[in-house]
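Okay, handing you the structure first.
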Amino acid sequence: MSAVRGARNRLAPRARLRRHFVLPDSTARRRKRAEDDSDPDESPEAGEKELFASWALFILIMLLITALFTSYILQQKKVQAVHETVISIFAGMVVGLIIRLTPGTIIQSSVSFNYQFFFNLLLPPIILASGYELHQANFFRNIGTILTFAFVGTFISALVLGLILYLWSVIPLDGLSISFVEAFSVGATLSATDPVTILAIFNVYKVEPKLYTVIFGESILNDAIAIVLFETAQRYKPGNAAGSLTLLSLFEAVGVFLLVFFGSLMIGVAVGILTALG
């Protein structure tokens, strides 16, 4: 008995060390599985999305650097035949075409963004900066011409472009099939022209101030009008709560347009007055 007890006493420390440092196979597997399940960011899909997001950010940064470098080179060489905005537009078109033809949708979704983000965050500072650069005396002297081009011209342009796109979708030549509301939304988007290149050329050749003021003032107002037209058209998109587009809804859309436009104008004027008084 004493020999058996002595052997047990000699083996006890080894057993305790083995239990302390060595895990059974089943316990090790369960712990490894729990660690893998508790960290979803290490999955292959998350890593792939992070990789494509990095590439999308790299593409956008390289486009911005290329545009700035091209603008600097053209100004240093005093090239007037081609404006830097034209090169930037064509560079964006080429990169967009390459991304469009690339298989997969992850990188396409990474370089795209919601239009609400553009309308509510990016566009207001641009319009504000344009308003500060505006010559007020010339603007109010030609306010009638500017409002005519901004209101009537933008609406006619959006309507004509929307009708052309809708009629093209009706012709069974390709697989394009869109509603009139969607076509009008595209027309409203394309009607918000930004004559950056034209105004830059006007600055170079020192054209008549009235012509410069009319084009510049119309370019400021047509952005706001195109936004209101787009938002109004989106209310009657198929599947929305406003219902389908009918003759009665056209008058309602005009009322919504006037309410949003003049309501936004009054809010802007009130905020400006309160800021000036404060």
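Cβ from N, Cα, C; glycine included.
Caution: TrEMBL annotation is automatic and unverified by curators.
Pulled from TrEMBL, these are the listed features:
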COMPBIAS  36-45  compositional bias 'Acidic residues'
DOMAIN    67-277  domain 'Cation/H+ exchanger transmembrane'
REGION    24-46  region 'Disordered'
TRANSMEM  52-74  transmembrane segment
TRANSMEM  86-107  transmembrane segment
TRANSMEM  113-134  transmembrane segment
TRANSMEM  146-171  transmembrane segment
TRANSMEM  183-204  transmembrane segment
TRANSMEM  211-230  transmembrane segment
TRANSMEM  250-277  transmembrane segment
Take the C-beta pairs under 8 A between the transmembrane segment (113-134) and each of 146-171, 183-204, 211-230. Which stretch has the highest count?
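Ranking 146-171, 183-204, 211-230 by Cβ pairs under 8 Å to the transmembrane segment (113-134) puts 211-230 first.
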Can you name the far-off residues of the same chain, 6+ from the ends of the transmembrane segment (211-230), with a Cβ under 8 Å from a Cβ of it?
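Contacts of the transmembrane segment (211-230) (Cβ under 8 Å, skipping residues fewer than 6 from its ends): 115, 119, 123, 126-127, 130-131, 134-135, 138-139, 141-143, 145-147, 149-151, 153-155, 158, 184-185, 188-189, 191-195, 198-199, 202, 257, 260-261, 264.
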